[in-house]
Amino acid sequence: MNQEPEVVEDLLYSGHGAGAFLFLTNGEHIREFPQPIFPPPGTAKRVRNELYFKPRGDDGGGGRPVLARYLVESRDELLMVVRLGTRKSCTAGPRRGRSQSPPPPPPPTPTSAFQVFQREDQKVKSINDIDGVVRVEHSWIKLADLGGRMLFVGRGCSRS
């Protein structure tokens, strides 16, 4: 099984706690880098956290392609905004002739909808763990409405 590496789609500086940079991947997982990312010499290096989220499953996208994902904090909650396109972009078939240059990129698909998901953390105790260690499961829960919020999204600069 050949799995492609996850690509960072967006980042956000979260001021909660000691502060951390959050990187959202195309797999909808978060890589968290506590501050400072580059600690001064002689201080302990802080490790990044990988927050793996359960797959969302069918979220009503209707097979539309995901054009982008954004992170935004609103009302002390972490939100992920998913921008959907109108259609799958088509790629050109094999080219014939002398030119071996790559085909031109497909035309961009217009944005058709946005979906907003809220981070939910649930503590889970493993039945196999005799020490009683509790782990946290992360998931994205679709919001039915924004509850009066106004969101402005863009890579690295989303606001609520």
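Glycine residues also receive a Cβ, built from the backbone N, Cα and C atoms like all the rest.
Per TrEMBL, the features are:
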COMPBIAS  101-110  compositional bias 'Pro residues'
DOMAIN    7-160  domain 'KIB1-4 beta-propeller'
REGION    87-112  region 'Disordered'
Let me know the model's mean pLDDT on the domain 'KIB1-4 beta-propeller' (7-160). 83
Provide the three-state DSSP residue tally for the compositional bias 'Pro residues' (101-110): helix first, then strand, then coil. 0 helix, 0 strand, 10 coil
